[in-house]
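Copied over from TrEMBL, here are the features:
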DOMAIN    8-454  domain 'Major facilitator superfamily (MFS) profile'
TRANSMEM  46-66  transmembrane segment
TRANSMEM  73-93  transmembrane segment
TRANSMEM  99-124  transmembrane segment
TRANSMEM  131-151  transmembrane segment
TRANSMEM  163-186  transmembrane segment
TRANSMEM  222-239  transmembrane segment
TRANSMEM  260-286  transmembrane segment
TRANSMEM  298-315  transmembrane segment
TRANSMEM  327-345  transmembrane segment
TRANSMEM  351-377  transmembrane segment
TRANSMEM  397-416  transmembrane segment
TRANSMEM  422-450  transmembrane segment
Amino acid sequence: MERKETVTLIIFIIATTLLSTAQSIVTTGLAGIMADFHVSSTTAQWVYSSFLLVLGVMIPTSAFIARRFNIRTIIVSCLGLFLVGSILAYIAPTIEVLIFARVIQAVGSGILLPITQIVLLKIIPVEKWQVYMGLFGFIIGIAPALAPTVGGVIIDSVGWREIFLLFAVITFVLMVISAIGVKLEFETSDYSLDISSLFLCVVACVGIMLGFSNIAANGFDLIYVILPIVIGFIALVIFSHRQFNIKYPLLDLRILKHKYFFFGTLFSAILYFTMCGLNVIMPLFVQNVAYHSATESGLVLLPATIIMIVFNFIGPVLANRIGVRKVLIASCIFSIVGYLVMMTYDVNSSINYMILTQVLRAIGAGLGLMPAVTWTISVVSGNVEDATAINNTVRQIIGAIGSALAVVLMAVFAGGNVDHNAISVTAFGETSIVMSILAVVMLVIVILFVHDDVEKVEV
């Protein structure tokens, strides 16, 4: 790499790491926010949920933004938005202002994350994508994993507002460095923004993610769940049809006609669905069924989270050496075994036993996620903008759906309430079977459609 390419990539990765910590760092401060603004937990959680929602909405716009603007303008603008959001959050006089500030932060974060991937993939030769994407996944994975702990220390020491003050100071410094240090330029064009597509995309993403996210609190309520989901899917259908029939699509969905890209995206979607679903139902089992504390619940998932982050790097390195097909087969086998072993859980399962079995599942997820994403984008390497945007958008939507449906599935199997009884144990086992079946589907996809010698195409 040339010096300006190296400097640009380092600045983008540091900026993305900073912005990605904003996603989860405030979770440990929700109690303080509730006390300061005298609001309920339902209202306070929007400080976190609004960020995720806007993040999902902004990601699809990254393909257009990458084509239309030079990367220095993009990173300075994203950091500028994040800076404004951080300052506003620091001085927020009401909960409404704080939520609005988080929305502004999320706009910057939602654009910068996929743009950083695009920059990386454009700078690095295709044959080295796996290793560099693995390193990127490792770095980006650590930030949100450690953020709640770091946030907790800051909050206990000086308060939740100081988190945003710290963000503001670091972001300002990074913005100055970016304005001076990012000298690399990619070809841009007068690519027009289709406002109708943008509107439909926003409605689709918000409707689907909001509707499914509300299931846990509202069941299948008509207003809060069914209506948003229906409107979201209708908007998605209209949006998809429109992309095939206009000159400047917001997302070039034609690449989904490429067989290997489609099934690679499907593999990643199923893997992400099971990951997000498990991350919700596992604490539910540990606390409500096995009667362990919230702290012990966190301890069950912590080693698995660390292992998965490590294998986010190991997986791509192995894929670069022995081929992505073998790595993804190993990923599926670890996932299948991990979910099947979870069927042995009961009300007396020890913390250590659950930690050990969760590590198996985490190895499977870590081995599979980044190699699959990188391979999928590489088969349409001539269009990394749309490939990256589509892949990230699908993961955001599927994550919301997986988190909601896993809880619903377990509750249905339990006959309503998940509690300290044999029925709930059986329900968790049956939910684990569903997850293992999905892992088998992933294995079939790999066997039939993932090959190391797939011809790369321009689309």
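For all residues, glycine too, the Cβ spot is worked out from N, Cα and C.
Proximity of distant same-chain residues to the transmembrane segment (131-151), defined by a Cβ-Cβ separation under 8 Å and at least 6 residues beyond the stretch ends, is recorded for 13, 16-18, 20-29, 113, 116-117, 120-121, 124, 163, 305-306, 308-310, 312-317, 320, 369-371, 373-374. With a cut-off of 8 Å on Cβ pairs spaced 6 or more residues apart, the transmembrane segment (298-315) and the transmembrane segment (351-377) reach 3 or more such pairs and are scored as touching. If you take every residue in the domain 'Major facilitator superfamily (MFS) profile' (8-454) and average the pLDDT, you get 88. With a cut-off of 8 Å on Cβ pairs spaced 6 or more residues apart, the transmembrane segment (99-124) and the transmembrane segment (46-66) reach 3 or more such pairs and are scored as touching. Only pairs six or more apart in sequence are counted, and the transmembrane segment (351-377) with the transmembrane segment (260-286) gives three or more Cβ pairs under 8 Å, enough to call it a contact.
Taking Cβ pairs closer than 8 Å, the transmembrane segment (73-93) reaches residues 11-12, 15, 19, 22, 65-66, 100-109, 111-112, 115, 161-162, 164-165, 167-168, 171-172, 174-175, 178-179, 182 in its own chain, all 6 or more past its ends. Annotation: stretch 327-345 has the most Cβ pairs under 8 Å to the transmembrane segment (260-286), among 163-186, 222-239, 327-345.
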